[in-house]
C-alpha cells in the first residue's frame, strides 16, 4: 500500500504530460527515395497497398506509444535505483521509434488508433506495476512485451516482402531496425534476471496475451 501511495503523484504527473513528441536523439534514417509521399485512398500511382500500410503504421505507432508509457511507469518507480540507467537507455530508443512513427503517420496520412488514451493509462500502470515487484518484475515485463513486439514486426516484414520488397524498401528497413532494437531489449531483460521474477511464466503469459489483444484492437480501431 505504501508503494502504491508513493506511485500516485508520479502517475498524476505523467498523465498530465502531453502525448507524443517525446524527446530522444533519433538515428539517421535511410534517405533512398526521400520521404514517403502522402496518400489518400486506394493504391497510389506506384501501387502501394494503402490498406496494408495504414494498418502497419497505425498498430506500430500504438505499440511504440504503449512501450514509451511502460518505460515511463518503470522509471517512475525504479528511476533512482541501480537499474534506472538501463531502463532509461531502452526508453530512449523507444522515444526514437515513436518519433519516427509520428512522422510516418503524417507522411502517409494515417489516423491513430482511437484507443491511444487507454494505452496511455494502461501502459503506465503496467510499467509501474511490474516495477513495484522490483527489478526482476520490471525486466520480466520488458521480456514479455519486447518479445511480442519483435514477433509482430517479423510478421509485418513477411507481409511486406510478399507484397513487394522493393516497393516497401524504406518501411522494411525501418521495421527491421526497430525489430532488432526490441530483440536487444528482450535480451537485456533476460541478462538482468527477468526469469527470477515471481511467477515468471504466468506473468509473461498474461502480459503477452494483453499485447496480442492490444495489437488486434489497434490494427482495427
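Using the three backbone atoms N, Cα and C, a Cβ is placed for every residue, glycine included.
Features as listed in TrEMBL:
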BINDING   64, 94, 97, 182  Fe cation 1 binding site
BINDING   94, 146, 182, 185  Fe cation 2 binding site
COMPBIAS  30-43  compositional bias 'Low complexity'
REGION    15-47  region 'Disordered'
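Listed in sequence order, the residues 67, 90, 93, 142, 145, 149, 150, 181, 183, 184, 186 complete the 8 Å Cβ shell around the Fe cation 2 site centroid, once 94, 146, 182, 185 themselves are left out.
Same-chain neighbours of the Fe cation 1 site beyond 64, 94, 97, 182, judged by a C-beta within 8 angstroms of the site's C-beta center, are, in sequence order, 63, 67, 68, 93, 96, 98, 149, 178, 181.
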